[in-house]
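*Asks:* Structure below; questions to follow.
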């Protein structure tokens with residue numbers, strides 16, 4: 001036929017039909033019904049892979065349409081031009097929207113479409129009669145994924161070139177992009193062959209930051225940007241080489257994500273920031289006590305170099321978590337992979353603090369934020385527990401315990417706690433231990449958990465102290481130190497009843513224990529102090545009640561009766 005038959009939407013088929021969750025599996029030559037609307041599909045040729053297009057994707061097909069008697073009414077093949085449309089957007093009859101969603105790239109199938117999913121009672125004169133069932137021989141040539149990335153119709157993304165790997169940039173990352181922004185009439189309003197910006201800060205218009213967070217490295221896309229993610233109701237005036245964007249203008253932006261530098265917060269308080277300049281190898285990173293070799297350059301924020309090590313001579317070597325370098329550098333290196341190069345920005349709290357520090361090449365003034373460029377050349381980790389035999393595990397746990405003891409005596413409780421935790425984990429599972437090994441492991445577990453509880457008390461982490469003491473008591477129910485330290489933690493948590501139970505049990509086991517007796521006195525003083533506070537609190541309430549009218553006074557009294565006492569009056 002000579003006319004250009006673009007599969008118009010049937011006038012009376014505006015409602016949205018959908019497919020069941022699972023489409024039937026087809027063999028070549030087999031015909032099955034799709035859904036429950038009477039649509040049938042017969043597979044003529046298998047497609048490639050397993051992916052099928054989704055609603056919003058732009059599909060490209062060749063087709064031939066016939067009536068059931070074989071009369072042909074249209075064919076893109078005869079015209080020599082594939083037909084393109086957006087799937088699931090009502091641009092074609094419902095039978096097409098439903099059927100083509102089940103096809104793979106390169107697949108060829110015949111769809112038999114009932115009138116209800118085609119042109120209904122009215123038909124499409126003069127070629128299609130009323131209530132006509134139609135057949136379409138369709139080949140899915142390709143499709144372009146088109147995603148509504150903000151889920152509000154504000155930015156549609158069509159992938160022009162697939163990206164690499166699977167990662168996407170995050171808010172802190174610095175991306176390097178190429179882009180061209182046009183109006184719908186084709187007028188170029190902005191373009192760049194290379195610009196770098198932080199995702200969180202954005203660039204040109206809000207759409208660029210939104211889009212790059214969904215993109216992979218080397219991915220190239222076409223964005224259709226509605227005004228709310230462009231320049232809104234006001235538009236934008238021309239400036240320099242940048243063109244005018246009229247009010248309420250839709251923009252078409254071609255965007256390529258060339259590369260990006262990953263930026264992470266090493267510490268929770270955001271005072272040590274790491275920007276990756278070169279990706280490292282593998283997945284392993286140093287842990288506590290790892291011997292690392294690095295090349296590093298330390299600078300002030302004005303660019304003054306105060307330290308340079310490992311570049312012209314042998315690499316600089318230090319042991320992590322051993323206070324051989326500033327804390328920020330120590331922590332950051334433990335997030336790096338072999339061969340990684342990173343730029344670290346370290347606040348004074350994790351650098352040289354409030355004091356002046358004379359370094360190798362310059363003085364670091366008080367309160368300085370410093371910048372280090374670091375390359376992790378290599379590192380040698382301690383053996384992991386799964387690589388050790390039982391004897392090695394016990395020996396390593398003993399060594400970690402001794403390191404913890406030294407740190408505890410030096411007042412470095414957080415670092416000591418980590419040593420004790422690591423020691424306990426090394427001997428946590430003892431199913432393969434001999435009886436002698438189990439005895440040694442038991443002694444180590446008890447000591448490490450008790451010492452760690454002492455660390456947690458110093459660090460005011462009372463809940464964790466309770467857990468550690470409970471672990472000890474599960475092994476040795478009469479361990480006086482565990483009862484004593486757990487009682488100390490309960491007192492700080494204002495759980496006086498449980499504290500009293502632990503103290504009484506400890507005194508039953510060791511009646512003359514001076515430390516436990518002193519703690520009992522502390523407990524009694526705390527209870528008295530809290531009872532006084534409660535008495536004062538309720539005294540104030542009743543004083544206020546006396547000033548109320550009788551009805552208000554009764555209501556307030558009922559409220560007080562309903563509130564439980566916060567502390568038992570027993571001493």
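Glycine is no exception: its Cβ is also placed from the backbone N, Cα and C atoms.
So TrEMBL has the following annotated:
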{"type": "REGION", "residues": "1-21", "note": "region 'Disordered'"}
{"type": "DOMAIN", "residues": "56-144", "note": "domain 'PPIase FKBP-type'"}
{"type": "DOMAIN", "residues": "172-261", "note": "domain 'PPIase FKBP-type'"}
{"type": "DOMAIN", "residues": "289-380", "note": "domain 'PPIase FKBP-type'"}
{"type": "REPEAT", "residues": "480-513", "note": "repeat 'TPR'"}
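Structural setting of the listed features?
*Replies:* Summed and averaged per residue, pLDDT over the domain 'PPIase FKBP-type' (56-144) gives 94.
Residues of the same chain lying 6 or more positions beyond the ends of the repeat 'TPR' (480-513) and with a Cβ under 8 Å from any Cβ of it are 450, 453-454, 456-457, 460, 462-463, 465-466, 469-470, 472-473, 519-520, 522-523, 526-527, 530, 567-568.
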*Asks:* Within the domain 'PPIase FKBP-type' (56-144), how many residues are helix, strand or coil going by DSSP?
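*Replies:* Helix, strand, coil within the domain 'PPIase FKBP-type' (56-144): 14 helix, 38 strand, 37 coil.
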